[in-house]
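*Asks:* Submitted below is the structure of interest, expressed as structure tokens.
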Amino acid sequence: MVEFYGTAVSSRLMLGTAQYPSPAILADAFQRSKAGIATVSVRREAGSDQAGADFWALIKELGVAILPNTAGCHSAREAITTAQMARELFDTDWIKLEVIGHTDTLQPDPFALVEAAKALCADGFKVFPYTTEDLILADKLLDAGCEVLMPWGAPIGSGLGLSNIYGLRTLRAQFPDVPMVVDAGLGLPSQAAHAMELGFDAVLLNTAVAKAGDPAAMAEGFAGAVQAGRLAFEADPMEPRDMAAPSTPVIGKAFLS
Amino acid sequence: MTDTAITILGAGVVGLCVATELTARGQRVQICEKAPEPGTQACSWWAGGMLAPFCEGETAEEPVVRLGQEAADWWEAQGVPVVRNGSLVVALGRDRNELTRFARRTAGHRTLDAEQLAQMEPTLEGRFSKALHFQEEAHITPRAALKTLWQNLQSRGVQFASATPVSGRIIDCRGLAAQDDLKDLRGVKGEMVVLRCPDVSLHRPVRLLHPRFPLYVVPRGDGVFMLGATQIESGERTRPTVRSILELLSAAYALHPAFGEAELLEIGTDARPAFNDNLPRIRQRGQRIYVNGLFRHGFLLAPAMARQVAEFICDDIKPEVMDENLSEW
């Protein structure tokens with residue numbers, strides 16, 4: 001079990017809901033992944049008069065916790081407005097805060113992110129900020145009132161895995177008690193397992209599953225990897241060493257070959 | 001041959017194709033449609049008109065690929081000019097992996113090198129080192145095709161009226177408007193742009209792969225091109241957004257910079273009717289048969305859907321896309 005803002009979630013895998021070939025395949029992927037949380041974008045789908053309501057109804061039917069996101073927002077103001085709309089639509093004070101600073105890399109804008117996080121936390125939101133692995137930025141987000149951090153593995157949709165392992169490890173070590181979710185950039189289950197082995201509390205991904213040839217199978221693959229990685233972390237893995245470590249003593253052997 | 005006419009609700013691409021198939025089998029048909037001619041009332045007005053079953057196989061399921069292969073011959077048989085030059089798929093340098101993925105997930109293509117591509121489409125010379133050519137694919141001009149079907153039906157004596165009949169067999173082809181009856185139907189918003197660009201000459205549709213902004217360009221002749229299409233989970237039928245149009249235009253500009261000087265002729269938007277698996281359905285409830293959920297495959301799948309409805313009515317052959325799950329009723 002992992003807790004976010006006091007809510008226990010059974011699965012350490014979170015899935016996005018964009019770019020699947022169809023809602024039916026999306027539902028299959030969720031079923032096989034046993035993901036506990038679904039993120040949903042609202043900025044573009046909202047339109048006027050709740051035009052996205054049909055799709056959102058399908059997401060609600062998945063029976064998992066919903067974490068609306070502010071994907072597609074490029075300023076603090078836009079993100080705040082979108083969060084307020086999401087709160088109405090999904091009847092939740094959770095918000096995955098994305099403020100994009102660069103359209104090509106989809107890198108977060110750290111300054112606008114902190115500004116929006118401050119305003120939303122003050123307004124009673126439970127903010128899940130999509131951030132880089134930067135320590136100072138993490139500190140400012142916690143100061144702003146965030147109780148969860150979502151550092152990126154690599155740029156959104158890139159499938160590159162963990163591009164700065166040192167940075168992620170440092171971030172984890174610096175804030176050992178803050179729930180952290182590696183969000184974005186994962187392409188393969190092995191990369192998700194790696195993130196979990198580093199001690200992150202969960203992973204969030206979308207493209208790696210949605211754009212796979214068989215999204216439901218890939219979702220199940222990620223679920224297994226997340227579980228394996230978490231078990232390994234909890235099991236306190238051995239330390240690597242340069243020399244072989246024979247499992248039977250060499251000196252004093254009764255018989256020399 | 002029945003005495004009472006079968007009433008078809010809606011004269012979008014599905015309604016017109018169904019009427020065409022039924023009249024071809026000797027059935028008497030009347031069409032219930034408020035508009036006096038094909039137009040913006042139907043989402044097929046905004047379609048691309050690509051008959052590209054193999055390309056669609058990248059994300060669509062098997063029935064789309066198979067049933068879509070009936071389309072080109074069917075449209076030609078109705079007197080609609082079908083351009084059978086295949087279609088091309090390209091990707092910009094940094095998205096080259098997308099082309100590999102697309103090739104792996106589709107059939108019916110061959111790989112062209114830069115020189116072969118330049119021979120086929122001189123406009124694209126030097127712009128792409130590699131392309132996929134789907135030789136069996138074709139394209140039509142949707143609005144002209146709708147008008148042709150409409151005229152064909154009129155000349156066969158089919159009445160178009162706006163009054164709804166109270167009795168007799170009804171085939172409901174209202175698209176998204178049938179949401180009042182079909183609760184599991186949803187809208188998927190699409191936006192498109194029409195340009196005039198005499199500097200660019202293309203003989204077949206070109207798809208530009210991009211992880212976030214996929215684009216297709218369909219040549220309409222006389223230097224006119226249709227750029228499509230966004231796909232947004234929203235039932236909104238109006239309000240094309242700046243962001244969507246920017247995406248379409250910048251993708252077109254990336255395909256060929258000459259599009260930068262193109263004349264902007266039209267921006268269109270509507271919502272496509274779709275079921276949860278994005279596959280079409282034929283459903284029967286009492287005297288009414290629903291044909292719906294053709295999603296982004298209106299011109300591609302309407303011929304096969306119409307054939308199946310006609311076979312069901314005239315020959316009692318159960319359509320393969322007939323919905324088994326009638327619990328909703």
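Each Cβ is built from the backbone N, Cα and C atoms, and glycine gets one as well.
All annotation found in TrEMBL is predicted automatically rather than curated by experts.
What TrEMBL records for this protein is below:
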- A:4-249: domain 'Thiazole synthase ThiG' (DOMAIN)
- A:LYS96: active site, schiff-base intermediate with DXP (ACT_SITE)
- A:GLY157, A:ALA184, A:GLY185, A:ASN206, A:THR207: 1-deoxy-D-xylulose 5-phosphate binding site (BINDING)
*Asks:* Whole-number answer please: how many Å between the C-alpha atoms of A:GLY157 (1-deoxy-D-xylulose 5-phosphate binding site) and A:LYS96 (active site, schiff-base intermediate with DXP)?
*Replies:* 17
*Asks:* Relative to the Cβ of A:ASN206 (1-deoxy-D-xylulose 5-phosphate binding site), which residues of the same chain, six or more apart in sequence, are found under 8 Å away?
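*Replies:* When sequence neighbours closer than 6 are ignored, A:ASN206 (1-deoxy-D-xylulose 5-phosphate binding site) has A:LEU15, A:GLY16, A:THR17, A:ALA18, A:GLN19, A:THR39, A:GLY157 within Cβ distance under 8 Å.
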*Asks:* Among the recorded positions A:LYS96, A:GLY157, A:GLY185, A:ASN206, which sit with their Cβ under 8 Å from a Cβ of chain B?
*Replies:* A:GLY157
*Asks:* Quick check: which same-chain residues outside A:GLY157, A:ALA184, A:GLY185, A:ASN206, A:THR207 lie with their CB within 8 A of the centre of the 1-deoxy-D-xylulose 5-phosphate site CB atoms?
*Replies:* A:GLY16, A:ALA154, A:PRO155, A:ILE156, A:SER158, A:GLY159, A:LEU186, A:LEU205, A:ALA208
*Asks:* Between the Cα atoms of A:THR207 (1-deoxy-D-xylulose 5-phosphate binding site) and the residue listed as 'active site, schiff-base intermediate with DXP', find the distance and write it as a whole number of Å.
*Replies:* 17
*Asks:* Given A:GLY185 (1-deoxy-D-xylulose 5-phosphate binding site) and A:LYS96 (active site, schiff-base intermediate with DXP), what distance in Å do their CA atoms have, once rounded to a whole number?
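*Replies:* With distance taken Cα to Cα, A:LYS96 (active site, schiff-base intermediate with DXP) is 16 Å from A:GLY185 (1-deoxy-D-xylulose 5-phosphate binding site).
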*Asks:* Let's check the environment of A:GLY157 (1-deoxy-D-xylulose 5-phosphate binding site): how many other CB atoms sit within 10 Å of its CB?
*Replies:* 20
*Asks:* Within the chain of A:ALA184 (1-deoxy-D-xylulose 5-phosphate binding site), which residues six or more apart in sequence place their C-beta under 8 angstroms from its C-beta?
*Replies:* A:LEU106, A:TYR130, A:TRP152, A:GLY153, A:ALA154, A:PRO155, A:ILE156, A:GLY157, A:LEU204, A:LEU205
*Asks:* Once the DSSP letters are reduced so that anything not helix or strand counts as coil, what is A:LYS96 (active site, schiff-base intermediate with DXP)?
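*Replies:* Note: A:LYS96 (active site, schiff-base intermediate with DXP) is in a strand by DSSP.
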*Asks:* Near A:LYS96 (active site, schiff-base intermediate with DXP), which residues of its own chain have a C-beta under 8 A away, given they sit six or more steps off in sequence?
*Replies:* A:THR39, A:LEU67, A:PRO68, A:ASN69, A:THR70, A:PHE128, A:PRO129, A:TYR130, A:MET150, A:ASP183
*Asks:* Could you tell me the mean pLDDT the prediction assigns to the domain 'Thiazole synthase ThiG' (A:4-249)?
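*Replies:* Taking every residue of the domain 'Thiazole synthase ThiG' (A:4-249) together, the mean pLDDT is 91.
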*Asks:* Which one, from the binding-site residues A:GLY185, A:THR207, has the smallest tally of other C-beta atoms lying within 10 Å of its C-beta?
*Replies:* A:THR207
*Asks:* If you pair up every Cα among A:GLY157, A:ALA184, A:GLY185, A:ASN206, A:THR207, the residues annotated as binding 1-deoxy-D-xylulose 5-phosphate, what's the maximum separation in angstrom, rounded to an integer?
*Replies:* 9
